[in-house]
Amino acid sequence: MKAIRVGLLGLGTVGSGVVKIIQDHQDKLMHQVGCPVTIKKVLVKDLEKKREVDLPKEVLTTEVYDVIDDPDVDVVIEVIGGVEQTKQYLVDALRSKKHVVTANKDLMAVYGSELLAEAKENGCDIYFEASVAGGIPILRTLEEGLSSDRITKMMGIVNGTTNFILTKMIKEKSPYEEVLKEAQDLGFAEADPTSDVEGLDAARKMAILARLGFSMNVDLEDVKVKGISQITDEDISFSKRLGYTMKLIGIAQRDGSKIEVSVQPTLLPDHHPLSAVHNEFNAVYVYGEAVGETMFYGPGAGSMPTATSVVSDLVAVMKNMRLGVTGNSFVGPQYEKNMKSPSDIYAQQFLRIHVKDEVGSFSKITSVFSERGVSFEKILQLPIKGHDELAEIVIVTHHTSEADFSDILQNLNDLEVVQEVKSTYRVEGNGWS
């Protein structure tokens with residue numbers, strides 16, 4: 001029976017994992033799709049480098065188009081990263097009638113819609129399960145398992161680096177900079193951690209999730225982003241005192257025809273399932289009108305978890321090839337994109353304020369909120385050590401719009417009794433959904 005022949009772009013951590021799974025699981029793959037899988041060509045940087053996997057020398061090449069233009073290659077698997085140049089490689093592969101599997105979240109967040117259209121036009125499949133949450137099969141779940149439902153909300157911990165940092169800050173009461181260095185030493189954070197800690201990595205993944213979950217062409221620029229680098233020990237301490245856990249949460253929510261997508265530090269009730277996701281693990285919480293609340297949990301990165309998702313996509317492509325139904329791996333968007341304005345986005349808010357500790361300060365602050373019709377769910381007022389003339393007020397509001405909350409912050413900063421608004425965070429998950 002004719003083998004399916006794979007061309008692999010990249011033989012790093014994930015690429016080596018892909019080769020290992022294909023080599024070690026031949027019997028399983030044969031049983032799944034009824035034909036063997038062979039690795040025909042592999043792009044590498046250095047032909048002489050010692051590798052963790054055993055491949056014949058004639059399979060290796062340093063020229064990308066040796067893989068893409070090889071007439072014997074049926075499926076191109078891309079694990080080299082990059083955006084602009086890599087996009088062209090995949091477009092050329094699709095135009096050469098080769099199916100594509102990619103783990104590239106950066107590429108799919110920016111050019112996903114274009115690549116899906118290119119695949120359909122050429123009668124080819126493109127799969128990208130590994131681009132979001134590594135070993136968690138969340139994209140296929142949205143596209144297939146929950147395809148009959150209407151998804152109204154997704155909340156995700158989709159960046160392992162920031163979850164590791166926040167877990168350590170909470171459990172060990174360690175400052176941000178100290179935990180970041182530990183994460184770098186352990187290999188969880190890059191030497192330049194900006195993409196992770198400022199929320200950009202998570203934003204790319206949320207754009208992909210929202211695109212599939214809401215069937216709209218959601219782009220990276222549609223995602224509002226705030227990272228974790230400004231979170232302080234005091235923020236962590238006060239949130240715990242009020243019964244919340246700080247997480248970097250990607251939020252995608254639909255109300256009627258409008259959606260919002262954001263990534264930001266968020267306070268969740270301690271009893272919320274996402275609050276129990278620790279260290280480098282990922283999880284995605286999904287709410288559907290029919291299914292209700294579901295959550296998907298697992299490793300968000302790493303060689304073998306990510307490679308497992310890549311090879312699972314390869315199996316999906318192979319099955320489609322055997323059945324003659326390629327070119328329809330993903331359905332196009334059903335709806336026109338319609339993003340919420342700040343006046344449409346409602347949430348509870350947490351804020352810490354340093355104020356003058358004098359008669360009338362609190363009433364002046366509460367009047368700012370009451371003018372906007374915003375009430376309080378929780379309030380703390382405490383002295384500030386070493387500053388007898390000041391007090392700290394911590395407030396959790398009831399639901400208010402982003403537009404009203406922005407005006408409230410401006411009016412608070414204009415008050416003579418307010419020394420500084422120290423921090424603000426969104427609060428989610430009271431009642432879970």
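In case you wondered, yes, glycine gets a Cβ from its N, Cα and C as well.
Between the candidates Val14, Val284, Val286, Swiss-Prot assigns the NAD(+) site shared with Val33, Gly302 to Val14.
Using Gly134 (Na(+) binding site) as the reference Cα, a 10 A cut-off selects none from the binding-site residues Thr13, Val33, Lys45, Gly187, Glu190. Annotation for Ile136 (Na(+) binding site): spatial neighbours Asn282, Ala283, Val284, Phe296, Tyr297, Gly298, Pro299, Gly300, Ser309, criterion Cβ-Cβ under 8 Å with sequence separation of six or more. Here the binding-site residues are Val14, Val33, Val132; the one with the fewest Cβ atoms within 10 Å of its Cβ is Val33.
Separating the Cα atoms of Glu190 (NADP(+) binding site) and Val14 (NADPH binding site) is a whole-number distance of 16 Å. Considering other CB atoms within 10 Å as the measure, the emptiest surroundings among the binding-site residues Glu129, Glu190 are those of Glu190. Neighbour density at the Cβ, taken as the number of other Cβ atoms within 10 Å, is lowest among the binding-site residues Lys45, Lys105 for Lys45.
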